[in-house]
Amino acid sequence: MENDKPPKGAPDNTLFDIDFVNPEPMNSGAQSKPYRVTDDQSISNIQRDHVIPQETIDFDNTDNIVNDENPFNDQQTVDWDASHMGDHEPDFPSGQRRGFFARLFGRKAQSSGQANNYNSVTTSDFDDSYTSSRDQFNIKILFNKYILRKNVSGSVEAGQPRVIMMNDRQSNSQFSYCDNHISTTKYNAATFLPKFLFQEFSKYANLFFLCTSAIQQVPNVSPTNRYTTIGTLMCVLIVSAMKEIVEDVKRATSDKELNNSTVEIYIDGEFVKRRWIDIKVGDIIKVNSEEAIPADLIIISSSEPEGLCYIETANLDGETNLKIKQSRHETSPFIDSRQLRSINGKIISEQPNSSLYTYEGTMELGNQKIPLSPEQMILRGATLRNTAWITGLVIFTGHETKLMRNATATPIKRTAVERVINMQIIALFGVLIVLILISSIGNVIMSSASKHLSYLYLEGTSKVGLFFKDFLTFWILFSNLVPISLFVTVELIKYYQAFMIGSDLELYYEETDTPTVVRTSSLVEELGQIEYIFSDKTGTLTRNIMEFKSCSIAGRCYIGSIPEDKKATMEDGIEVGYRSFDDMRDRLTSPDDIDEASTINIFLTLLAICHTVIPEDLGNGQIKYQAASPDEGALVQGASDLGYKFIIRKPHSVTIELNSGEDREFELLNVCEFNSTRKRMSAIFRFPDGSIKLLCKGADTVILERLGENNMYVEPTTRHLEDYASEGLRTLCLAYRDISEDEYSQWKITYDDAATTMENRGDKLDAAAELIEKDLILLGATAIEDKLQDEVPDTIHTLQDAGIKIWVLTGDRQETAINIGMSCRLLTEDMNLLIVNEETKEATKNNLIEKITALQEHNISDQERDTLALVIDGKSLAYALEPDMEDYLLYVGKTCKAVICCRVSPLQKALVVKMVKRKTNSLLLAIGDGANDVSMIQAAHVGVGISGMEGMQAARSADIAVGQFKFLKKLLIVHGSWSYQRISTAILYSFYKNTALYMTQFWYVFANGFSGQSIMESWTMSFYNLFFTVLPPFVMGVFDQYVSSRLLERYPQLYKLGQKGQFFSVTIFWSWIINGFYHSAVVFIGTILFYRYGSALNMHGEVADHWTWGVSVYSTSILIVLGKAALVTSQWTKFTFLAIPGSFIFWLVFFPIYGSIFPYASISREYFGVVPHTYRSGVFWLTLLVLPVFALLRDFAWKYYRRMYAPETYHLVQEMQKYNINDYRPHIQHFQDAIRKVRQVQRMKKQRGFAFSQAEEGGQEKIIRMYDTTQKRGKFGELQDASTTADVFSDENQINHDTLADGGYEVVDNLSIPDNPFASHNDDSNNSFDL
C-alpha cells in the first residue's frame, strides 16, 4: 500500500460524504503510466440531447465506447449526418491526435459532404472483427466467392445502402443476402482443423513433442524407437479433438433447435408455416402474440389500430417494461393476406450494424417514398406482447441481425494455469537445453581427449558434426522430461469434472427441468480462482416478477398473510403491525365507519384506474395486464385481487368490475405522465357521480410535500413506509383531491397550451401539472416486492465472504438498482455509496478525482474499506471508460466492496469486463440470462449463462449454463475449489514423475562416457506414462477432496486459497521439479551402490547385466513416484487404492509376461534372460525396500513439519473434518437483524427511493387513447364487438371455401376492402385516431 499513488492532477482539498475510506494498490497491468489525464475542456461542451447511434466493440483492438440511450426511449426519428460530429473535436497538443468522436467510433472523421444518407454513422462497424472472424472460414461464402464467382453479402461496399425488393425472393436472391441460420459453435467443417491445431500447438509441450517426433525420424540419431513419440502425440491430439467435437456438437444441437423454430411466411398469397432458417431477406412474415421475433423486420401492420404493437425487449436490453412500435400509416391497412399481394416496391436500407438503437431506411411503395425509423424496426430477440399478430418485412437475417452483430465470435479461452504451464515449459526447455549441451560437449571432449577409446576408431571424426549429432540424440533421450501425456490427462480430468458438475443434483433446477451444463470443460479450474463477478440484474438476481405485498390505508397496514408476531398493535398512538386483506374487505362494507370505508374505496379505485395498463382478455374471465412498467402491472393486479378488477380501456374511459358484479365507468380527462424529475403520475377522472378527482401516485418525498392541511394519516403512513423500507420493499404513496368544474376548465386551458407549444413542451407540461397537483389528501401507501431469485442474498453474502468482488451491470435506473442491491445484500445499511452521475466528461473526471483524493487522505483498515460501494450511471460510465479516465474508474472500483453500474448498454457491459481483465491479473466471471449479456459473458475469463425468462441466448453462448443464480455458490466455492486443487496437483505430479524417472538418464551420461546410451528399454519407457503412472494423476484429479463439500460451504474463506495461487505457482512448480531431480539422484546413486560389486548374481554365478540394472532403476522409480502420490492424496477411495498400489502390482505382473514373450516377437529383444535374473535376485527386492523409504523420508518429514508447526488454514479444517470437530460460534443473528433494521430506517429517512420504473420517454397518454379493448379484429381486419365475438384467430373460425360453395354461397376472391377499415365504425373507434 505504501507504493500506491493517486492519479496526478487530483486536487488537494476535496471533501465528500464518506466515513470510511482506504486506498488499495492499483494494478495497472502492462500500462507504464497508470494515470493519463487529458485536459480536454471542449468535451464538456458536447450537447447530449441526441442519441449516439453507434456501438462497437473489437476484442482484438482498441476499445471504443459509446453511451447509447435506450433505443425505445425516443420514438422520434433522428436524422444523422456528419454535422453532428464535426463541431466537437477537442484541441489536442499534437496534430496527429484523432478527435474525440473519431476515437469514439474507431474511424477517421468524415466531412459532411461525404456522409451517406443511410450509413454516415452505422457503417463504421461494417468491417468489424466479428464479421471478419465469422466469414474468414465460412464455407458458403468461400465457395460462392471463389468457386461459383458469385457476389456475397460481405462484399457489398460499406458506403452503399442495401436494396431489398418487397416480397420478391427471386429478385433478392441476386444479392446473396445472409440466410437466417445462427451458429454459436466454435468450429465448422472448414475451421475445425486450422483452429484446433492452432489451439493445440499453442501449447508449447505439443510443439516440443512435434519437433522431437521429427528428430526421431533422422537415421542413426535416435537412441529409442522412432515411432514412440509421434504415436503418443497422435493419441493426445485425437483425444483432445474428440473432446472439442463433443462439446461443439452440443452447441450445434442447441443452435439447431432454435433454427428449426416455426414461423408463418407469406408465400404465394398465403401464410405458410416454415422454419426460422427458411426466412429470407424481403419476406413478409406473421408473428403471433407471445412469440419471439425471428429476424430484424419492419412492421407493416398489426391487429391493433394504427398498426400499434407492444414488444418486450428483455432479451435485448434487459428491460421488462413493454415498448411501443408502430407501422407507417401508409402500410397499416395491409392486414389481410389478399391485400398483401398488392405490395410491390422496395426498401433502401442501411447496411447491417451493431447499433440496437437506430435505424434509417426508405420504403418505395408505388409512387410514394416513405421514411423508416427505429419506431418501425423490431429486432430479433424481442417478444410480441398484448398484440394478437403483426406482419413484418424482413430486413436483416441470421448473423446480420443487430442482436447477432452485438455478439462476438465464440472465443477460444485459455486458462491461467495453462498460461503458467506454457511459460514453465519454456523454462523447463531451457533446463533441457543446458542438460543437452553438457552431455554433447562432454561427449566431444571425451572423444578427443581420452586415450582409452582407440578401439572405437574415432580419428578424423568431425567434432562439429559429432556435437550436432549428439545434440539431437540427447534431445530425444531427455525429451520425456516434459510429460507428453500431461495434456491428454488434464483434458480427461477436466471433462470428467465437467461431467460431475452436470451430474450434481444440487445444481439441478427442478422447476424448469434445467441441469447445469458445462459447455467448455477446459475452464473448470478457473472456477476456483475467480476474484470478480460481473452480474446482470434483471432475470439474474431478480425474477422479473413484481408482487403486490402490502398496503397502508387510512393509517392501517394490510397484508395477505400476517407474519408471526406482526399483528396490529398500538404504539404511541400509531397502529403498527398488519391486518389481513379480509379485514380490509369487511371495513369496506361496514356501515360503522363511513369515512374509512370511503378512503379504502378511493384507494382501491386509484390503484385500478390511475395507470397506463392495457387489459388483455384471455377468455374464461381471465385478464392479463400488459404494462409499460412492471410496478404498474403489480398494482393493478393487486387491486384486481382485492375486488377492483380493471376490465375495459377505451380512448376516453376505463371500466372496473367490483366483487359485487357492478361495473363502474370512469371518464379519463387528462394524464400527467411520470418522469424521473416528477417522480409521480397523475390522472384526472370524472367519476360516475359527476365529480372530478385528481388521482396521484408517486414517491413519498414528492407526495408528502404536496399535501394540504389537516392530513390525519401522514404520521402513521410515514411509520409504515419505514417498516416497508426495512423489509426491502418498493414503496409508493397515493393521494387525491376533488376539483371543481371551474378550476378544471381554467387549468385545462393552461394544459392544452403547454401540450401544443413548440418550445420546452416537457417543462411547460410539468409546470402545468404543478398547478393542479396541490392540496392533496393522503390515502396511504403501497409496498411491492421485486421478487429475487431463490437464495440470492445468501449467495452474494457467501461469495463476498470468499473474497469475491461483485459488480452489478444493469440497464435499470439508479434508484431501482440501489433498492435491489439492498434487497440482495450486495449493499448494506452501513455502506457509504459513492455516486457518480454526471452529464459531461469533465464533471465525471472531477467527481472521480475528488473521490480518489478523499480515499488517499484517510487511513482506514480493510474492514472499513468493506463499507464502500460505487454507483455509476451509463453516461458517466461512457466517459470513465475512455483511455484517459479508465484508471480512475478502476482505482475507485477496486477500492469498493461492491460496484453497481446503472443504465448501461450491452457493449458497455463487455467493455467494463474487458477493462478490468486487461488492467488486472484477476480472473473474472460474468453471469447473465439475456442476449444483452452475451458480449459480457464472452469477454470474461469464465462466462455463465442462466436459462431464464429472457431466453436461451446467454446460456447458448456461455461456457457454463445454470438454472439459477444461487447455483453459483456451490459451483465456485465447492466445485471450483476442488477443480483448481485437483488440476494443480495432477499437473505438478505429472511433471514430477517424469523428472524423477527420466533424469536418471542424465546422471547416467557421466558413467557411460556421454555416449547417449539409455538405461531402460525404449518401449518400457513409453509404457511408464501410458500404463504404470497414468492412473494416480487421473484419480487425484477426479476423486480427491482436500476438504469436504460441507466444510467448504461452511468456511467460504478457503476459496481465497485459489485466488492467492496456494496450490499452483511458479515457486511450487519448481519445488516439485527439484524434488524430482532429488529422487532421480537417489535412485541412480542407490542402484549403482547396490549393483556395482556384482552382488546381484544369477544361476551359475552370472552377474547382472545392463538391462537387469535398468529394470531395477525403473521399478524403484515407479515405487517412489507412487509413494509420493500416496503422500499428497487427501482422500483415499477404492479408486485411489486401484491407482496407487494397483499400478505397482500391475507392473510387477506385467514385466515378467512382457519380458518373457515379446522378445521372441522381435520386440524389446533386450529383455532376453532379464526376467529370471531380476526376480530371483535378493538385491532387486532389497533395492525396492530401501531406496523408496530413503527418498520419501524427506517428503514425509516436510509434510509433518508443515502440519504440526506451520499449518495452512485448510490443514486446520482437514483436522476438523478428520476428527469431526464441531464449530460452535456464538449466535448473534437476532442482534444483527435488529441493528440492520435500525440502519435501514435511518437510510430511509436520509434517502428515500421510489418503486416506479415506468418508461420516461412519455407518449403513454397517446398510446392508451388509441386502445379500445371492447373491439377486436375480425378475420379481415374489421373491428367487432369483443364481448360477442369468439376467438377470431382460432381454427374453428377459419373460413372454409368448400363449405361455402356447398351451401350455395358464391365465394368472392377479390373482395374490395376499404383503405381504412376502421373509418366506418362507432364514435369510440373514430375517437381512437384523434391524436
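Every residue, even glycine, has its Cβ placed from backbone N, Cα and C.
Bear in mind that TrEMBL entries carry predicted annotations, made automatically and left uncurated.
The feature region 'Disordered' is assigned by TrEMBL to 1-37.
DSSP states for the domain 'P-type ATPase N-terminal' (164-230), grouped as helix (H, G, I), strand (E, B) and coil, give 33 helix, 2 strand, 32 coil. Annotation comment: TrEMBL describes 164-230 as domain 'P-type ATPase N-terminal'.
Along the domain 'P-type ATPase A' (258-329), the predicted structure has mean pLDDT 87. Summarising the annotation, TrEMBL assigns domain 'P-type ATPase A' to 258-329.
The transmembrane segment annotation in TrEMBL covers 425-446 (among others).
Per TrEMBL, transmembrane segment is recorded for 472-493 (among others).
Positions annotated as Mg(2+) binding site by TrEMBL: ASP536, THR538, ASP929, ASP933. Counting every protein chain shown, the Cβ of ASP929 (Mg(2+) binding site) has 34 other Cβ atoms within 10 Å.
According to TrEMBL, the feature ATP binding site maps to ASP536, LYS537, THR538, GLU632, PHE674, LYS697, ARG730, THR810, GLY811, ASP812, ARG903, LYS909, ASN932, ASP933. Around the Cβ of GLY811 (ATP binding site), the number of neighbouring Cβ atoms within 10 Å comes to 28.
Annotation comment: TrEMBL describes ASP536 as active site, 4-aspartylphosphate intermediate. ASP536 (Mg(2+) binding site) counts 30 other C-beta atoms within 10 Å of its own C-beta, drawing on all protein chains shown.
Among the features that TrEMBL reports, domain 'P-type ATPase C-terminal' is placed at 955-1208.
The feature transmembrane segment is assigned by TrEMBL to 986-1006 (among others).
Among the features that TrEMBL reports, transmembrane segment is placed at 1026-1043 (among others).
Tertiary proximity for the transmembrane segment (1063-1091) is limited to same-chain residues at least six positions away from its ends with a CB under 8 Å from its CB atoms, namely 417, 420, 423-424, 428, 980-981, 983-985, 987-989, 991-1000, 1002-1004, 1007, 1057, 1104, 1109, 1112-1113, 1116-1117, 1120-1121, 1124, 1179, 1182-1183, 1186-1187, 1190-1191, 1194-1195. Sequence annotations record features per position, and here TrEMBL assigns transmembrane segment to 1063-1091 (among others).
Residues or ranges marked as transmembrane segment in TrEMBL: 1111-1128 (among others).
According to TrEMBL, the transmembrane segment annotation covers 1135-1158 (among others).
Counting only same-chain residues 6+ beyond the ends of the transmembrane segment (1178-1197), those with a CB under 8 A from a CB of the stretch are 1075, 1078-1079, 1082-1083, 1086-1087, 1090-1091, 1095-1096, 1104, 1111-1112, 1115-1116, 1119-1120, 1123-1124, 1127. Annotation source TrEMBL lists transmembrane segment at 1178-1197 (among others).
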One should report the C-alpha separation between ARG730 (ATP binding site) and THR538 (Mg(2+) binding site), rounded to whole angstrom, as 16
Seg_contact(the transmembrane segment (472-493), the transmembrane segment (1026-1043)) with at least 3 CB pairs under 8 angstroms, min sep 6: yes
Using a Cβ-Cβ cut-off of under 8 Å, list the residues of the same chain that are 6+ residues beyond the ends of the transmembrane segment (1135-1158) and lie near it. 1023, 1027-1029, 1031-1032, 1034-1036, 1038-1040, 1111, 1115, 1118-1119, 1122, 1125-1126, 1129, 1164, 1167, 1170-1171, 1174-1175
Relative to the Cα of THR538 (Mg(2+) binding site), which of the binding-site residues GLY811, ARG903, ASN932 have a Cα no more than 10 Å away? GLY811
Have a look at the binding-site residues PHE674, GLY811, ARG903 and say which one has the shortest Cα distance to ASP929 (Mg(2+) binding site). GLY811
So if I draw a 10 Å sphere around the Cβ of PHE674 (ATP binding site), how many other Cβ atoms end up inside it? 25
DSSP assigns the residues of the domain 'P-type ATPase A' (258-329) as 12 helix, 35 strand, 25 coil
For the binding-site residues THR538, ASN932, the one whose C-beta sees the most other C-beta atoms within 10 angstroms: ASN932
Site extent for ATP, whole Å (max Cα pair distance, ASP536, LYS537, THR538, GLU632, PHE674, LYS697, ARG730, THR810, GLY811, ASP812, ARG903, LYS909, ASN932, ASP933): 34
Sequence-remote partners of the transmembrane segment (425-446) [C-beta within less than 8 Å, at least six residues beyond its ends]: 204-205, 208, 453, 463, 466-467, 470-471, 474-475, 478-479, 481-482, 991, 1002, 1005-1006, 1009-1012, 1073
Starting from the Cβ of ARG903 (ATP binding site), draw a 10 Å sphere and report how many other Cβ atoms land inside it. 23
Rounded distance in angstrom between the Cα atoms of ARG903 (ATP binding site) and ASP536 (Mg(2+) binding site): 11
